[in-house]
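Written out below as structure tokens is the structure these notes cover.
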Amino acid sequence: MSYADYLDLDRILAAQHPLSRDPNELLFIIQHQVSELWMRLMLHEIDGAIAAIRDDHLPQSFKALARVSRIMEQLVNAWSVLATMTPSEYSIIRPHLANSSGFQSFQYRAIEFRLGNKNPALIEPHRHDPARLAVVEAAYAEPSLYDEAVRCLARRGFAIGPAVLDRDLTQRMPEDPTILAAWTEVYRDPDRHFDLYELAEELVDLEEAFRLWRFRHVTTVERIIGFKRGTGGTAGVSYLRKMLDVVLFPELWRLRTEL
Ligand code: HEM
Ligand SMILES: N[C@@H](CC(=O)c1ccccc1NC=O)C(=O)O
């Protein structure tokens, strides 16, 4: 066993195939490949966190969630590398991308779904690809990270409404007063509910990192393509700006007003 064998470097380092003659395309490809590798680890850790919460092993979930947030921070900082690519450079690469786009990232979609941001329309780009479709559909159908956190609140004796606990898991969880009341209680007496308090703060950390990623995506996109339409068919920057309004764990933000 050698370093290169263990890491399967021959395959990883032979996996860049620029379509243009532009030297900057290598940056574009590697930026996305590195992101997909980090996303692979994020999905693994999110799955671990979900299982740990389900099994009431909260300290184990904190380790996994902290790792997910630190990975997301890597992805946030990675935008600075891509931002060294100018609009002139990208305009040479872009025609080669045809209508491929980030919508086709099955790992990104699985992460969004695992974090509870469910939208069935976004399964469609994966319809033609059975193996990837299976990953996305499983993430769509299964309880999200936040579902498991809320079920944990219920197991700890907080009165979570039946509409929440018996909900259709394929829909986004609507903001709910019983969840808000439970988290508010946790934050009013952290010493009494310390592990739930810590869980909540891990979730807030993760959501903050995710928001920063969305913000840097849209800002980098505006810097590189301005207000052109996206290759995936959306209006581009104005579409991505709307995504900045997504709130993953609404009651955890709302409770701060209640304290
Ligand atoms: C020059 C660089 C980039 C440009 C111009 C760009 C542009 C866009 C646009 C316009 C969209 C909306 C879909 C569309 O109509 O095409 C989009 C979506 C997306 N992009 Fe990028 N992007 C860039 C780099 C990246 C990178 C480095 C990643 C990291 C993996 C990424 C991941 C995604 C994802 C996951 C979506 C779907 C977002 C969602 O559903 O909320 N993009 N991108
Ligand atoms: N949506 C981008 C294209 C794009 O960024 C892209 C194309 C192919 C593979 C990855 C991509 N990155 C994420 O959206 C654009 O409109 O220029």
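First residue shown is number 1, and so on along the chain.
Cβ from N, Cα, C; glycine included.
Note: TrEMBL annotation is automatic and uncurated.
The substrate site recorded in TrEMBL comprises PHE28, ILE29, ILE30, GLN31, HIS32, TYR90, ARG94 together with one of THR219, THR231, THR234, namely THR231. Of the recorded residues, TYR90 (substrate binding site) and HIS217 (heme binding site) place their C-alpha atoms 15 Å from one another. With respect to ligand 2, the binding-site residues PHE28, ILE29, GLN31, ARG94 contribute ARG94 as residues with a C-beta closer than 6 angstroms to one of its atoms, given in sequence order. For TYR90 (substrate binding site), other Cβ atoms within 10 Å of its Cβ number 19. When other Cβ atoms within 10 Å of the Cβ of HIS32 (substrate binding site) are tallied across all protein chains shown, the result is 13.
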